[in-house]
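A short worksheet on the structure shown next.
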Amino acid sequence: MGSGALALILLLMSFIHAGLTQERPKAVLKVSPDERVFSGETVTLTCDIQGAGNLQWTYNWFKDGNTFYPTTTTAEISFRADYVYYSGQYSCRGDICYSQSSDISTAVTLTVSDLPRSTLTVTPDSPVFTGETVNLKCVIETYSYWGWRIDQIYDWRYEWYKGTYSCVMLQTSDRYTVNTDTLTIRGVITSDQDQYWCRGLIRSVSTPSSSAIYLSVKDSPRSTLTVTPDSPVFTGETVTLKCVIETHSNWRYEWSKDSVMLQTSDRYTVNRDTLTIRGVITSDQGQYWCRGQGDKRPNSSQSRSVSLSVKDSPRSSLTVTPDSPVFTGETVTLKCVIETHSDWRYKWYKGRYSIMLQSSDRYTENRDTLTIRGVITSDQGQYWCRGQGDKRPNSSQSRSVSLSVKDLPRSSLTVTPDSPVFTGETVTLKCVIETHSNWRYEWYKDSVMLQSSDRYTVNRDTLSIKALNESDQDQYWCRGQRDGRPNSSQDSDRIHLSVNVSHSGQISVSSILSFLLAACPYLLSTVVLLFKCYRARGNTSV
């Protein structure tokens, strides 16, 4: 053998030795979508020959050490894991023209589980009542499989269905909200009554549908709100709202106005099913509704809202004639004027304790007018009036008016010269009134008003009596009159004028008679003595 042939043989042997001693490529098996799947899912196995370059490999697939799938020229196979039978240890190996092979990959455990059952629960128990909130919960069966729990490793999605014959998948809305495994129906209505069922979804498969549950919806007990008297109401009136619930008992009642729950107060009082509003004001106007709350289902019943309209009561005003202050002795007229409606009956009140006035000798009523005659100081005070009617509005109250009463100006009488006076003298009487002016003076002797004459002369506030005689002796007094208010003064105190006979005057007949009557006994005695003496002398001379 020549040297050239020997060299070629040595080269080939070196190549063979190098191939025999070279390390085999490493195969890695990957499983998708997961090493744990449910029956019916599609599983993809990928055999990755690491460090093999771009060589043309063929792939062998093994399950539990046995050939599982025919040899492929692609590094990926897919199959539908319809049964639990597909669970096992999976591995792969790559070959190149049967001359070189990779290592067999480390086995990967594929677990195939049956899909769990889903169960639908409803809270509260059916039947439910309109207005209630209902929760439907889709419960996925939990069990352990080779040490792992199904409910812990999967992120389930849920589908909700309603309907008996035509199933409709429910979508979220204002009333339908979903929180993972729970569907909440708020404000249940009668159209929500039907069959409901659910299922869970994971990747491309879903659980069997749950058994259908029939949701029965009944009307909540009806509550009716009544208002007395009928709206509109008038300020100052008392309004009663009554909440009538047709069925069940032991309700607790709640009252709301314009979505604000009412609390008891001085004006708002509650007696079980009745709310009373006293002294209605304009701010009480609004939408009212009531609700019954109970400890057992049905535990709520809400009425429809009722509109309460509040109008101002007819205005009444009190007028006083003449203007205050008034003076004792005057006549006062109070008039109650009500702006709308008619056929009012009028009531009159006085004082802080609202004493109702009754007709009397001094108090007379004529429909809308109260007359007080001969006012006295005790008539001073606050007055107000109210109209009462047979139809609503049946009341109207005025604001109070203050009546101030003052005494008439005092008058005093003076006499010059001081009493007693004497016949023939001139006497001056002066009437002094303490306030106001432009008085006209009246003069009285006893109860007779004096008139000017030859002996009686008047100069404004002064009366002069000339040439007094005994007939001028009497009681004298004065008072003032004027055109404005006050138009009269008080009567002055009475002064007694005493008149004595003057000594420098002529002897009056009465004086003579008085003298004669006093002297007669003495004269008669003298005549009798003279007569006796005369007879005695006659007897002696004989």
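In case you wondered, yes, glycine gets a Cβ from its N, Cα and C as well.
The feature compositional bias 'Low complexity' is assigned by TrEMBL to 300-311. Taken from TrEMBL, the feature domain 'Ig-like' applies to 25-111, 116-199, 221-307, 314-402, 409-498. Residues or ranges marked as signal peptide in TrEMBL: 1-21. Among the features that TrEMBL reports, transmembrane segment is placed at 512-531.
The stretch in 221-307, 314-402, 409-498 that contributes the largest number of Cβ pairs under 8 Å to the domain 'Ig-like' (116-199) is 221-307. Here the compositional bias 'Low complexity' (300-311) has long-range neighbours at 129, 131-132, 220-227, 231-235, 239, 241, 243, 245, 251, 280-282, 284-294, 393, meaning same-chain residues at least 6 beyond its ends whose C-beta is under 8 angstroms from one of its own.
Looking only at the domain 'Ig-like' (221-307), the predicted model's pLDDT averages out at 91.
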